[in-house]
Amino acid sequence: MGAFTGKTVLILGGSRGIGAAIVRRFVTDGANVRFTYAGSKDAAKRLAQETGATAVFTDSADRDAVIDVVRKSGALDILVVNAGIGVFGEALELNADDIDRLFKINIHAPYHASVEAARQMPEGGRILIIGSVNGDRMPVAGMAAYAASKSALQGMARGLARDFGPRGITINVVQPGPIDTDANPANGPMRDMLHSLMAIKRHGQPEEVAGMVAWLAGPEASFVTGAMHTIDGAFGA
């Protein structure tokens with residue numbers, strides 16, 4: 001019997017990288033898992049076949065679609081919001097429409113998903129939002145909008161923790177540093193610069209982030225809410 005046997009889990013953004021590792025972790029631990037995808041249909045199909053989880057197409061930039069997928073998931077025990085994008089470049093040169101889409105996916109979707117989930121969660125429900133260490137530290141130029149979107153999650157989680165606490169629901173933010181995914185590979189061009197800023201000079205693995213998520217979703221973290229949990233090899237220290 002797994003740690004999450006009988007639990008219902010929805011993961012927004014679960015087809016690749018950190019999201020896929022979280023899907024695998026909860027399935028391995030016995031949960032009934034649904035996950036969303038947008039641009040990675042083939043990866044989502046493979047993951048669903050591998051794990052038995054259910055894949056659901058959802059554009060996280062569409063507020064109504066986000067609310068709908070949460071609502072149709074029923075009385076969730078655990079919500080994980082991992083969907084996110086990056087828009088990078090000098091602020092004076094970026095397209096305003098791209099920035100609006102970034103904020104819709106990285107800020108609006110986590111907010112609306114969390115609120116809708118809390119409406120139907122039982123006492124003891126868990127909400128985990130995947131943020132970024134860049135919400136605390138931005139050592140390079142060209143990432144202001146991305147950093148702003150991740151910093152916003154901190155205030156959101158602290159405020160929603162106050163609103164959800166009387167319902168017995170916790171909400172926390174997991175803030176990864178450099179993690180070995182296709183978006184930021186361990187052998188990529190940024191490796192040496194990133195590792196020079198870290199005490200543990202390697203990229204983290206998606207499974208390490210999934211492990212932190214699983215702990216925060218479990219019974220030992222029932223008194224933990226409104227907090228930021230950084231997993232970054234001291235990138236932000």
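Quick reminder: no glycine exception, Cβ is built from N, Cα and C everywhere.
Secondary structure at TYR146 (active site, proton acceptor), as computed by DSSP, is helix. Annotated active site, proton acceptor per Swiss-Prot: TYR146, in sequence order, evidence recorded as sequence analysis.
Residues or ranges marked as NAD(+) binding site by Swiss-Prot on the basis of similarity to another entry: 10-34. Cβ-based neighbour count (10 Å, all protein chains) for ILE18 (NAD(+) binding site) stands at 28.
The substrate binding site annotation in Swiss-Prot covers SER132. In sequence order, GLY84, TYR146, ALA147, LYS150, GLN175, PRO176, GLY177 make up the list of same-chain residues 6 or more apart from SER132 (substrate binding site) whose Cβ falls under 8 Å from its Cβ. Under the three-state DSSP scheme, SER132 (substrate binding site) falls in the coil class.
In the three-state DSSP assignment, the secondary structure recorded for GLY30 (NAD(+) binding site) is coil. The binding-site residues in question are LEU10, ILE22, and the one with the fewest Cβ neighbours inside 10 Å is LEU10.
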